[in-house]
Amino acid sequence: MHELSIAQSIVDVAGAEARRLGASSVRVVYLAIGRLSGIEPGALLFSYELVAADTPLAGSRLVIEDIPIAIHCAPCAAIHELPGVNRFRCPVCDTPSGDIRRGRELDITGLEIDDGASTDFDSIDHDTSALGASQAPEIPA
């Protein structure tokens with residue numbers, strides 16, 4: 001269950017950002033999780049509650065945005081979303097493609113801190129490499 005270590009990394013990264021902002025607690029952590037990330041959202045939510053206890057994130061909640069899989073199709077010269085993880089073929093022309101453009105994400109995208117303010121993580125200088133993002137294996141064409 002790697003979700004426990006991922007939850008710990010989320011608490012570490014979000015807690016560090018909250019401290020940098022001078023916040024004493026965090027109310028909400030916003031995540032973007034790709035369908036190919038290998039993360040089970042239910043297990044992550046359970047693990048997060050455990051590791052967030054007795055930290056400035058205790059009692060906070062995770063809001064998870066599900067990121068669908070998208071591939072690039074060379075013949076169509078377009079990016080297409082896929083309906084699932086078991087068929088990496090262009091939904092328009094049926095060409096196989098392993099050129100995955102979305103779906104591996106594991107990103108903290110924002111925080112709501114104790115004063116009600118929201119922070120967009122894209123505007124912050126932060127390192128989320130500890131989260132283990134994009135560790136899904138390459139899917140051959």
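Even glycines carry a Cβ here, placed using N, Cα and C.
Since we're looking at a predicted model, the values are computed, not measured.
Pulled from Swiss-Prot:
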BINDING   H2  Ni(2+) binding site
BINDING   C73, C76, C90, C93  Zn(2+) binding site
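Here the features listed in Swiss-Prot are placed on the structure.
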| residue | record | CB count, 10 Å |
| --- | --- | --- |
| H2 | Ni(2+) binding site | 14 |
| C73 | Zn(2+) binding site | 19 |
| C76 | Zn(2+) binding site | 14 |
| C90 | Zn(2+) binding site | 19 |
| C93 | Zn(2+) binding site | 13 |
Taking the recorded Zn(2+) site as C73, C76, C90, C93, identify the other residues of that chain whose CB atom sits within 8 Å of the mean position of the site's CB atoms, giving them in sequence order.
A74, P75, A78, H80, P91, V92, D94, T95, S97
Could you round the CA separation between C93 (Zn(2+) binding site) and the residue listed as 'Ni(2+) binding site' to a whole angstrom and send it over?
37
Reduced DSSP assignment, C93 (Zn(2+) binding site):
coil
If I take the alpha carbons of C73 (Zn(2+) binding site) and H2 (Ni(2+) binding site), what is the distance between them in whole Å?
32
Could you state the whole-number distance in Å separating the C-alpha atoms of H2 (Ni(2+) binding site) and C90 (Zn(2+) binding site)?
31
